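Some notes on the structure that comes next.
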Amino acid sequence: MVQLVGSLRKELADSLSSCKVLVVGAGGIGCELLKNVVMTGFKNIDVIDLDTIDVSNLNRQFLFQKKHVGKSKAQVAKESALQFCPSANITAYHDSIMNPDYNVEFFRKFVLVMNALDNRAARNHVNRMCLAADIPLIESGTAGYLGQVTVIKKGMTECYECQPKPTQKTFPGCTIRNTPSEPIHCIVWAKYLFNQLFGEEDADQEVSPDTADPEAAWNSEDTAARATASEKDGDIKRVSTKDWARSTGYDPVKLFNKLFKDDIMYLLTMDKLWKKRKAPTPLDWQQLENGANPQEDTPASGLKDQQVLGVWGHCQLFQHSVETLRAQLQEKGEGSELVWDKDDPPAMDFVTAAANLRMHIFSMNMKSRFDVKSMAGNIIPAIATTNAVIAGLIVLEGLKILSGELESCRTIFLNKCPNLRKKLLVPCILDPPSANCFVCASKPEVTVKLNVHKTMVLSLQDRILKERFGMVAPDVQIEDGKGTILISSEEGETEANNSKFLSDFGIRNGSRLQADDFLQDYTLLVNVLHTEELEHDVEFEVVGEAPDKAPPPQTNQEEVNSITNGNKDSAQPSTSSKARAADDDDDIMIVDSDEEEEEGASSSSTAAPGASSGTKRKHSDVETGEASTKRPRTDQSSAAAAADDDDDDDIIALD
């Protein structure tokens, strides 16, 4: 007779009380997960999270209360979870999981790792650490009513990076600066403007007219005679935006006339841009003030944030927000900077006003503060019950692993509505590792197309190895027979190389670079493919990457909705009118049906009755929201097993 401890077999209950597990993230999913873990019987738990508690967390992260605002999420989550099970041994780390202290040996202390993260960089890192330590990893993600849980085990399943995740779509600088055609272009421009005026200046976030726009091809010699911009303080100067703004004392009217009058008039001189487009209409503060109609901006009924102000209303909002931000800057002292935050009212007011004024100039319908915040702050509503369901599924998959039944683990999707089989929870058989994966393959290798005469060593390190391939501290050696060290993770050793081009080190078409990350116990061989034909504003391409858009779904399949997780570390704004780059909570993810980051939760359902139930639907990258085509399962026994899992119309069998 089987002995039970509660609802678990005694052997499994004993295993739970003795094993050590790691929970990465203590936010929306993390709070629910930690509570589930201690109440299931796990006794030795480590939890790590870098965040502190914010008021906005309190509606769904139930381990936190108002008195905890500003405190460490990991520490407070530990204290709250101990109230459910005082005998549990919980260790909390208020730190980043990417800290070098948490190396492969640290991960090897655990029997199981459960992720509740909020950005791709951390997900990639934990994926690689678990592969290096050969520890099972359970990934998860939610977006509104949708969610996903999957299991990753070295050599048995796909890793987090097996399916290419398309990079977030970005717009050329000339579109943002010269020819915006969608509200999101204006919102991106307004966020750039905030940084240019009050924050950290970035050369890639310039807001002035782009005279290098290849589409313009105008005669610069005629500009002075044709431009009618004033020669007062509001005129275009060849100085940085911030320096010019400081010289005016951040005068709101002068800023307004430069940004919305003089710069626009300057754009009009680039007449080739407007042959097939409607030309923008400059705004003049004095004219608007003289013609202001008090009735125009009288508050309408309804919520204030959902009202759309008139042009003069946005002018006043612009003036008030600039004055408030100027005062904040002065308060912080000389040389200080502000950081844009969607929850900071003056910062949000500034972006709302600036974006809407630019929309009006370019003949677009203006947006409410609520709409602008949704796009600029990249917000997808978080549903507490979705987090709870997903956290429960994580523990159920964990119990399978600890029972030695890894082969019965599944990728499980939570849908918003029942599918054709009347199910909200849909299991899919785990796919084997991809032979072409640049992370978990036996010899990871990639080919990168770039211009060796224009690509600097620093760009190779930061943009390609760290940003694109997820390395933390890469060391790069040229396979030239001499073992030339191009990049060293030791501070100061190769900094002199940073400003040099790859060609300066004899790197050319066909050269091979060996990149090692000792923290991740990861080696990547990079084949260099030299080209001078990259598109404008494209620094490099990875050969063989997935296309930006997945193929259309087959007939009889339900619609695929792509979901992605948030990226709180990313400074990039949302880059699609439909996209919402995720907010800084682990349970908020991008949803984009066209192109675009918590692990990809796909809301598509299984194939219609009669279709092969062994065919796995498209995964979406939970960070980019892009679906990537999955291989159909041809193994008949696997298909039959999947069909068996699908027999019950109301519940889902998880074993």
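Cβ coordinates come from backbone N, Cα and C, glycine included.
Remember, TrEMBL labels are computer predictions, not curated facts.
Annotated active site, glycyl thioester intermediate per TrEMBL: Cys174, in sequence order.
Annotated ATP binding site per TrEMBL: 25-30, Asp49, 57-60, Lys73, 96-97, 118-123, in sequence order. If you draw a 10 Å sphere around the CB of Gly28 (ATP binding site), it holds 29 other CB atoms from the protein chains shown.
Taken from TrEMBL, the feature Zn(2+) binding site covers Cys159, Cys162, Cys437, Cys440. Take the CB of Cys437 (Zn(2+) binding site) and look out to 10 A: across all protein chains shown you find 17 other CB atoms.
TrEMBL lists 555-573 with the feature compositional bias 'Polar residues'.
Positions annotated as compositional bias 'Acidic residues' by TrEMBL: 583-600 (among others).
TrEMBL lists 601-613 with the feature compositional bias 'Low complexity'.
Annotation comment: TrEMBL describes 643-655 (among others) as compositional bias 'Acidic residues'.
As annotated by TrEMBL, SUMO1 cross-link applies to Lys165 (among others).
The SUMO1 cross-link annotation in TrEMBL covers Lys237 (among others).
Per TrEMBL, the feature SUMO1 cross-link maps to Lys416 (among others).
What TrEMBL lists as domain 'THIF-type NAD/FAD binding fold' is 8-408.
As annotated by TrEMBL, domain 'SUMO-activating enzyme subunit 2 C-terminal' applies to 545-647.
The annotation region 'Disordered' is assigned in TrEMBL to 203-235 (among others).
TrEMBL lists 545-655 (among others) with the feature region 'Disordered'.
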Provide the number of Cβ atoms within 10 Å of the Cβ of Cys159 (Zn(2+) binding site), excluding the reference atom itself.
23
Separation of alpha carbons, Cys162 (Zn(2+) binding site) and Ser96 (ATP binding site) (Å):
24
Identify, in sequence order, the residues in the chain of Cys162 (Zn(2+) binding site) that are 6 or more apart from it along the sequence and have a CB within less than 8 Å of its CB; answer 'none' if there are none.
Asp431, Pro433, Ser434, Cys437, Val439, Cys440
For Cys174 (active site, glycyl thioester intermediate), the number of other Cβ atoms found within 10 Å of its own Cβ:
19
Integer Å distance between the CA atoms belonging to Lys416 (SUMO1 cross-link) and Asn119 (ATP binding site):
23
Compare the C-alpha of Asn59 (ATP binding site) with the C-alpha of each of the recorded positions Cys159, Cys174, Lys416, and give the closest one.
Lys416
Could you give the Cα-Cα distance between Gly25 (ATP binding site) and Cys159 (Zn(2+) binding site), in whole Å?
19
Rank aside, I only need the closest one: which of the recorded positions Cys159, Cys174, Lys416 has its C-alpha nearest to that of Gly28 (ATP binding site)?
Lys416
So which other residues, same chain and not among Cys159, Cys162, Cys437, Cys440, have a Cβ within 8 Å of the centroid of the Cβ atoms at the Zn(2+) site?
Leu131, Glu158, Tyr160, Glu161, Pro433, Ser434, Val439, Ala441
